[in-house]
Amino acid sequence: MRKKRKGSDTDPCPNLTNFLSSTHNSRSSAITSHYSLEDYTRLKKRCKEDANEESGVSYKSRLAGIATAPPCGISSLVTPGRGLKRKIGCIDVATQMGRKNKIENDYASGDTIGHGKFGSVWLCRSKVSGAEFACKTLKKGEETVHREVEIMQHLSGHPGVVTLQAVYEETECFHLVMELCSGGRLIDKMFEEGDPCSEHRAANILKEVMLVVKYCHDMGVVHRDIKPENILLTTAGKIKLADFGLAMRISNGQNLTGLAGSPAYVAPEVLLGKYSEKVDIWSAGVLLHVLLVGRLPFQGDSLEAVFEAIKNVELNFHTGIWQLISKPARDLIGRMLTRDVSARITADEVLRHPWILFYTERTLKTLKSKMKNQGGGHSQQLAIAPKLKSDRNRIENRSLSESSCPLSLSDSCEPEDQDDCGLVDALATAISHVRISEPKRSRVCGPTGPIEQQCSSNMKANNLCKAF
Ligand SMILES: Nc1ncnc2c1ncn2[C@@H]1O[C@H](COP(=O)(O)OP(=O)(O)OP(=O)(O)O)[C@@H](O)[C@H]1O
């Protein structure tokens, strides 16, 4: 299924090289993933078709030689409005807003607050209550647009999902009036702070994300585009999952097909063609990697290289910065970024993982501080080289003091809550025996072979994520 608003009919072969190089050589390129797989597939397909017409010119060479990112447009293949009444009908009921109403009667428009490839999201104010909202305008024509509206309505109401306030339909487009997330995007917060998160914050962010992901999965929805660009924050720092443009309904045991997602975050099975809701766990694992070490796990100089890395590169969690990260954190990320889908843990299992529990459960925090007071933490210290340990502390202390804890999430960011690898390891091991039932433990906490050999390109600052 194509997601029209992310591409165009007007220019079938945008210059991927130009596009990609615009994100190269910057810190942002280490963690962002700007291009959707559907863009890529569509571009490849179209360029292939064109290449057939122009003998002797491969689609790859054309990809490398033509213009810029595409504007949005309406597909000629899809009749505008198809399936509309059935899908939008239920939204009218849910939002209690007549679709024949005009948005300008109810809302005053304000500044543009965000851009997607489809167009923009703008600020609007209710003429009745004066409350501010975000309005996303989607051009009709693609089924994905109808699906996005329908899925948002289906999920709306959960505290971790951007609430859909109202939907307005015009001849050419829908206007989605949504809860305003004034805290911006998680990705921007990560840039502002510059350094990797402390484990405490990473665990709290991941927990919030996984609560929403679990809710989506329980509701039969796969998001398919989990990444920090799509995680918004309220003014209070609460996390809201946004952009359901690639989301799909799924029933138990059903498989999805079709390339969808953002390259750096995409699960290997998506590239192989058949997948399930577990793709969201993989993407969240990539997010956790970025949070903990400040860079994407799978990188390359081209999309093909990134996909190759996703399929084959073995991460090594035993060297470099990973030595400064607690074993339970490494254990969790290993279980999220496992290519064996049946061994990859579920959202529920992530939420019950000792590392998450350790940093987010109040009872455990109390236990931790008691142990610290009794000096139990010191005897459990990992043998970390003093310099590395102090580097980590310096990074974390700076992160905390500079950020003033903008992502409040569910816990406070007290300096004394900063990572103590030995203590985390000891407690988490104890917790794993208590909190996780045997059948689950065999899946969640069973031994995994060491994840070996890190992609060398990960280590080169100037070679980060060229492809996106
Ligand atoms: N509810 C909201 N509150 C505040 N800002 C928002 C909201 N929804 C979207 N935005 C802003 O608009 C941007 C684009 O929104 P969204 O991600 O939904 O569009 P998209 O075209 O589907 O994006 P993409 O091109 O990344 O797939 C977001 O990155 C964010 O900055």
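Backbone N, Cα and C define each Cβ position, glycine as well.
What TrEMBL lists as ATP binding site is Lys136. When secondary structure is read from DSSP and collapsed to three states, Lys136 (ATP binding site) falls in the strand class. Around Lys136 (ATP binding site), the same-chain residues at least 6 positions away in sequence with a Cβ under 8 Å from its Cβ are Gly116, Val121, His175, Leu176, Met178.
Among the features that TrEMBL reports, compositional bias 'Polar residues' is placed at 15-24.
Taken together, the residues in the domain 'Protein kinase' (107-356) have a mean pLDDT of 93 on the 0 to 100 scale. Annotation comment: TrEMBL describes 107-356 as domain 'Protein kinase'.
Summarising the annotation, TrEMBL assigns region 'Disordered' to 1-24.
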